[in-house]
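What follows is a short report on a single structure.
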Amino acid sequence: MKAIIVHGGAGRVVKNIEETRKGIQIALFNGYKLLTSKNDAVMAVVEAVKTMEDNPIFNCGTGSTLNILGEAEMDASLMFISHIGEEPKFGAVAVIKSVKNPILIAQKILEETDHLLLAGEGALRFARKLGFEPYNPVTEERLKQLEEYKQKGDFGYFSKLSNYLRWETVGAVAIDDKGGIAVATSTGGILGKLPGRVGDTAIIGGGTYVSSFGGASATGHGEGIMKLLLTEYATNLMSGYPATYPFLGEHAPAFHGVYNPDLRWNTPLVAYFLPRLFHFHDSIGFQFCRRWVEGCLGSQTQILNPT
Ligand code: GLY
């Protein structure tokens, strides 16, 4: 059984809702194409996330939100388990600048180093050594957004940014016929962040996690997600409860992109799916996110049937 879920983040999608939907749809199909042709969950999630990194609508890769100095400092991570009971593998990159696809660098860190996470200058040096060309991911749109924030924001570093928060971090979770489960997540972080800030996306168990029980990709306020080790918590809950459980209680206030590999259960809000049916959503806020952005989040779930 093969399946893939793609998310485009929990940020404010007040503009360009159709374009955002379309972007997620394209990412989903690109990932799905590889999942069916190669039967490889890792290839599928990396392709889906790379597709979104190349789409300036999303807060990752080209079009990442900018830090207070106007720089795109990006985080991305990839985790997979080849089948149930195996040791999972993880690779992440943090505060990397001047590259096109952070998720590909996270993949190289996973595959070609003994480390889990490379950050900043060291990560960039590693990327260049592997041939990743210099690239400017800063867009005019994001520069304008930063300018607006600077004019109106009060630099409380997240405490008073509710009108500006954009969490369109992206992610994908897939399972292949071999029993492999993979999760990829990528982000530019939070608008106006301090240089050097690392969000949950680069942190194992924060923004990305896989275990024998399932996989999870988070979006939302990274500092909150990291404190809860949210995706680790979510997948562990799947060992004893249906994946719906954390969403119904007070236990895990913010995450999405969670599913159970046996496909019998899923979350009510996040795309659940049946074989050959694909659901996606482009903006979902759970309890925690809602506290921050109540009233401005959309919540759309769509079902795609590629057959
Ligand atoms: N969840 C993305 C971030 O806080 O960086």
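Any Cβ shown, glycine's included, is placed from N, Cα and C.
Caution: TrEMBL annotation is automatic and unverified by curators.
Lifted from TrEMBL, the feature list:
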type	residues	note
ACT_SITE	THR169	active site, nucleophile
BINDING	ARG197, VAL198, GLY199, ASP200, THR219, GLY220, HIS221, GLY222	substrate binding site
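Features per TrEMBL, on structure.
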residue: THR169; record: active site, nucleophile; Cβ neighbours (10 Å): 34
residue: ARG197; record: substrate binding site; Cβ neighbours (10 Å): 18
residue: VAL198; record: substrate binding site; Cβ neighbours (10 Å): 20
residue: GLY199; record: substrate binding site; Cβ neighbours (10 Å): 28
residue: ASP200; record: substrate binding site; Cβ neighbours (10 Å): 31
residue: THR219; record: substrate binding site; Cβ neighbours (10 Å): 31
residue: GLY220; record: substrate binding site; Cβ neighbours (10 Å): 29
residue: HIS221; record: substrate binding site; Cβ neighbours (10 Å): 23
residue: GLY222; record: substrate binding site; Cβ neighbours (10 Å): 27
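Recorded residues ASP200 (substrate binding site) and the residue listed as 'active site, nucleophile' have their alpha carbons 10 Å apart, per Cα-Cα distance. Here the binding residues for substrate are ARG197, VAL198, GLY199, ASP200, THR219, GLY220, HIS221, GLY222. Their largest Cα to Cα distance works out to 16 Å. If you take the CA of THR169 (active site, nucleophile) and look 10 A around it, the binding-site residues you hit from ARG197, VAL198, THR219, GLY220 are THR219, GLY220. For ligand 1, the nearby binding-site residues are GLY199, GLY222; that is, of ARG197, VAL198, GLY199, GLY222, these have a C-beta under 6 Å from one of its atoms.
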